[in-house]
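Q: I'd like to ask some things about the structure below.
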Amino acid sequence: MAFRRRNKSYPFFSQEFLIQNHADIVFSLVIFILIGLMFEATAKTAILFIQPQYNITTLSLEGEVTTYHYGWKDCATILFYFFIAIILHAVVQEYLLDKVNRRLHLSKSKNTKFNESGQLCVFHLVSSVWSFYILITEGYLLHPSSLWENYPHSHLRFQVKFFYLTQLAYWLHALPELYFQKVRKEEIPRQLQYICLYLLHTSAAYLLNLNRVGLVLLFLQYVSELGFHIARLLYFTDENHQKMFDLWAASFVFTRMATLTLMFLAVGFGLARSENQGLDLEMGNFNTVLIRNLLFLMVHFFFKPFDHRMLIRHVEPLPIKEFLFIVMCLLDRL
């Protein structure tokens, strides 16, 4: 299964050989793990990579309910879906983005940004729809108080745990993709910054048992970023297409305000007034004043790498720019 056209052959184990064939190498590893399911001696090991672990079955009025918690075996599952993310990245690049690039004839700098927005557009679309589906089916939107009540939320439904594992796998895969895609040196610090921030915030929500609040925050962020990357893709196809930046600007402001409001309600109000205070690693309780303040700081600085100047530059007319600039300054002071 070849993901890239072989215009030139390179020596085995050379840098260019690895870059050109990395998706095929990873695909072989995935097949190797799947073959392990076919044999009884290796099936138990192979299942660690494919299926989320640490399941607990309890009896309720509705029957048997299976929930999950986290542990070190999750690293094996994340590794497997890390490989899957690399393969899907190569498929999107080869069969979608490269074909569009050949028609647009973009410069190298624009081509790098086009590929970045194309990949993130697909990911944000899938993740926003998926997270919204979980919010609806789990009832978090209809009952907002469930976001902080009965904390810690250490027992997860399958779809919630699987969502977090795949999110971590995707953002981890984005690190070696900087090398595989030969991203320009001047672009690496910016991309590395938001990749690490996504990893930090997703890991914090998962490990601190704040998965419900984290799910809503990720949904809001992904919807906002989806609008931005769609606007940037349209801008690269035709520089006269700037109306989408106006819509993204409005969604960005709404997302920031909704995020701060949710954090105040869930962390500053809900968890602060909870009877279950203190640090208890065995129970998974991290509801302390220090950790709550750190969470506020993390969410505040999460928006910093998303360039506000890009927003202001693309929004017209001038009164809207001035309004958004004032709103941004006020939000940054919160």
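Using N, Cα and C of the backbone, Cβ positions are placed for all residues, glycine too.
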Q: Which range is it, out of 164-183, 284-303, that shows up in TrEMBL as transmembrane segment?
A: 284-303
Q: I'm a bit unsure how to read this: which one of 21-39, 78-97, 118-142, 215-235, 284-303 has the highest number of Cβ pairs shorter than 8 Å with the transmembrane segment (247-272)?
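A: The stretch I would name here is 215-235.
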